Amino acid sequence: MDDNRSKIEQMRGLIATIKQADIAYFRDDRPIMSDRDYDVAVDLLKKLEQNTGVILSDSPTQKVPGEILESLTEVRHTRPMLSADKTKSVDDLVRFAGGRDVVLSWKLDGLTLVLRYDDGQLQQAITRGREGIIGEDVTHTVRTFLNVPVTVPTRESFEVRGEGVISWENFKKINDSLEEPYTHPRNLAAGSVRKLDPAESKKRLLEFKAFDLVTDLTFPTKTEQLDFLAENGFSVVPHLRLAAPSAGKVKDTVALMNPAGFEYPVDGLIMEYNDTAYGKSLGATGHHENRLIALKWKDELYTTKFLGVELATTRTGMVSITGLFEPVEMDGAKVSRAYLHNYNIFEQFQFGVGDTIQVYKANMIIPQVAENLTKSGTYKLPEKCPCCGRALSIQQTSGGTSQLFCDNPHCAAKLVQKFAHFCEKTRMNIEGLSATTLEKFIGHGWIRSFGDLYTLDRYKEEIINTEGFGVKSYERLQASIDKSRNCTLAKFIAGLGIPMVGRHAGRERDKCFGGSWEAFEQAIKDGFDFTSLPDFGATMHDNIYKWYADADEADLWRPLLDHITFIKENTIMNSTNNPFAGKNVVATGKLVNYTRDGIQTRLLELGAHPASSVTKNTDFLIVGEKAGSKLAKAQALGITTLTEQEFEDMAG
Ligand SMILES: NC(=O)c1ccc[n+]([C@@H]2O[C@H](COP(=O)([O-])OP(=O)(O)OC[C@H]3O[C@@H](n4cnc5c(N)ncnc54)[C@H](O)[C@@H]3O)[C@@H](O)[C@H]2O)c1
Ligand SMILES: [Zn+2]
């Protein structure tokens, strides 16, 4: 009996831990433990309950987990919105199917929602909420989703259940720009749906994937039910019907549904009986309905050795921590790094270099550290910002976790936008450095000034090993960087990001100073009056002087001068590569960068023959805003039309 008592004590401890994790995960969208650790705790609790024969009233095994936000209105579900029974064994799916027709679908990893329609109109949308009984009203944000039908052809009332999700692609795009990035699209989706301001949630590019219908309208099969939803404009979870599948068929299909290639985050598969009446006859527990079962992927553990961490400063000053380990082969790919989501998680592992650790791919996609078997606790985190070298601090975030931060307001990591502007196509035209890539490179301290862009080869190995990079993309990047070493004064100045001083202004100066940087800089030193140039205002003039006097700015651009060779605009224009030389070119409509005379001059400089009307001898038509009959004529004659941007790109 004593033994039972200590087990019950252990159960109480587990219930408290799970409850705390539920609040962090469901209410705050900021998990404090991995799903794997959470599932281990729940499984252990279930085992102890079986073992002792005791189930406590507040046990999470007995109800649907969930928390609700006080700021949202509570709504009672018409029917309890339950969870799913889970297994990690495909054999259980084979047994579940038991020779019946089943439907296998992705178990989408987002926020479960119930949408009610009356008289063909979307009336209300609510979350699964507390115990699947009280949901939160989120109609205001669900209306901002990318794909929710607000009007449907069916007049009878019905409720549709589905998941609010964010695709991997959109997650990467949005998450990078957030002050405190989320660890997984699921948390971003849940946080975004439950925002009070619909304008905010609209930016999160949420999508609704329908997987169930709750209504008096009955369909004999699940597939007919899903077809009904599709016909009413819903995008339905991708699914497959398996007709009385053999064990082999179930196993093959499960193997085929590999989440690595799927565009939305998923955390398993759902198998449901196709015969809806049969499914219903099986009833439900307080936790799940028996008509379906969820397969969660087994986390295959791999043993390796901890080597250290890599820090990277982000544009908000937060410093991300990635654990590095001896490469291990997982699902045919070599993995040697796993993101450690915050400082607390790093601390918990008590790493030491050479410690034996176990790693896995969560839901077969995201590499994670599961455990440190050695726990030597000897590893010391670097104390300085990898980007600027300033001492780092540990700060509590609004989500309640701790993170490393660089407090230096001049830390280059905060200047991602500036570097992205410099690399843009119409400026230095360096391909392969998106804002996200730049953020990574800058965060590691590989780029601190514009000049460092031209010595990236110092980090060749590191870049090739960066996620999303490889030898090929590195070589492409270097080629593009090398090409940009020869550039015109106009593009160069446009790239520096002096407020209001863009390409057109740059070109005027290019002409004035003969394309020479020395002449331009000397002019500033001599107090040259830039307003004497055409279209050059007093503010632009002042901005140039302010920019030139700013020491922080100078630290960024001065190193560049060692790497750039200035070429005269005319030398490139008349190069044999110029596709306009000798061609008949017409411009029509309003152009952004040129006046009517301006474009004629530019075409002449390019060696083209500017013409005013379109004939069958015209080679190119440059099309500006509000183009009229000339465009129609060119199209009729099959003449190549170019936007102003395309014209610029081709002209070089
Ligand atoms: N990391 C943490 O701290 C933490 C805390 C709490 C919960 N969790 C995670 O959440 C899980 C528990 O949540 P749960 O019990 O709600 O289970 P669940 O959310 O994993 O699964 C049940 C839900 O799946 C949804 N679903 C998605 N696609 C579906 C489809 N195609 N067909 C039918 N239903 C579909 C349903 O809405 C259903 O409510 C845990 O296993 C754990 O992974 C993690
Ligand atoms: Zn810094």
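Cβ atoms are placed via backbone N, Cα and C, with glycine included.
All annotation found in TrEMBL is predicted automatically rather than curated by experts.
What TrEMBL lists as NAD(+) binding site is Asp35, Arg36, Asp37, Tyr38, Asp39, Ser83, Ala84, Arg128, Glu163, Lys296. Per TrEMBL, the feature active site, N6-AMP-lysine intermediate maps to Lys107. Sequence annotations record features per position, and here TrEMBL assigns Zn(2+) binding site to Cys385, Cys388, Cys406, Cys411. TrEMBL lists 575-652 with the feature domain 'BRCT'.
TrEMBL feature annotations superimposed on the structure.
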residue	record	DSSP (3 states)
Asp35	NAD(+) binding site	helix
Ala84	NAD(+) binding site	strand
Lys107	active site, N6-AMP-lysine intermediate	strand
Glu163	NAD(+) binding site	strand
Cys385	Zn(2+) binding site	coil
Cys406	Zn(2+) binding site	coil
Cys411	Zn(2+) binding site	coil
### Message
Within the domain 'BRCT' (575-652), count helix residues (DSSP H, G, I), strand residues (E, B) and coil residues, in that order.
### Response
27 helix, 18 strand, 33 coil
### Message
Among Asp35, Glu163, Cys406, please name the binding-site residues whose Cβ is nearer than 6 Å to ligand 2.
### Response
Cys406
#### Entry: Among Asp37, Cys385, Cys388, Cys406, Cys411, the binding-site residues whose C-beta sits under 6 Å from ligand 1
none
#### Entry: By Cα-Cα distance, the member of binding-site residues Asp37, Asp39, Ala84 nearest Cys385 (Zn(2+) binding site)
Asp37
### Query
Just the number: how many Å between the Cα atoms of Asp39 (NAD(+) binding site) and Cys411 (Zn(2+) binding site)?
40
### Query
How many whole Å apart are the CA atoms of Glu163 (NAD(+) binding site) and Cys406 (Zn(2+) binding site)?
37
### Residues close to Zn(2+) site centre defined by Cys385, Cys388, Cys406, Cys411, Cβ within 8 Å
Thr313, Gly317, Pro386, Cys387, Gly389, Arg390, Leu392, Asp407, Asn408, Ala412, Ala413
### Query
Could you give the maximum C-alpha to C-alpha distance in Å for the residues Asp35, Arg36, Asp37, Tyr38, Asp39, Ser83, Ala84, Arg128, Glu163, Lys296 that bind NAD(+) per the record?
24
### Task
May I ask for the distance between the residue listed as 'active site, N6-AMP-lysine intermediate' and Ala84 (NAD(+) binding site), taken between their Cα atoms and rounded to an integer number of Å?
10
### Message
Please identify, among the binding-site residues Cys388, Cys406, Cys411, the one with the smallest Cα-Cα distance to Ala84 (NAD(+) binding site).
### Response
Cys406
### Query
What's the CA to CA span in angstrom from Asp35 (NAD(+) binding site) over to Cys411 (Zn(2+) binding site)?
35
## Note on the structure
Comparing local Cβ density (other Cβ atoms within 10 Å) for the binding-site residues Asp35, Asp37, Asp39, Glu163 points to Glu163
## Note on the structure
Densest Cβ environment (other Cβ within 10 Å) across the binding-site residues Ala84, Cys388, Cys406, Cys411 belongs to Cys406
### Message
Just to verify a number: CA distance, Asp37 (NAD(+) binding site) to Cys406 (Zn(2+) binding site), in angstrom, no decimals.
### Response
30
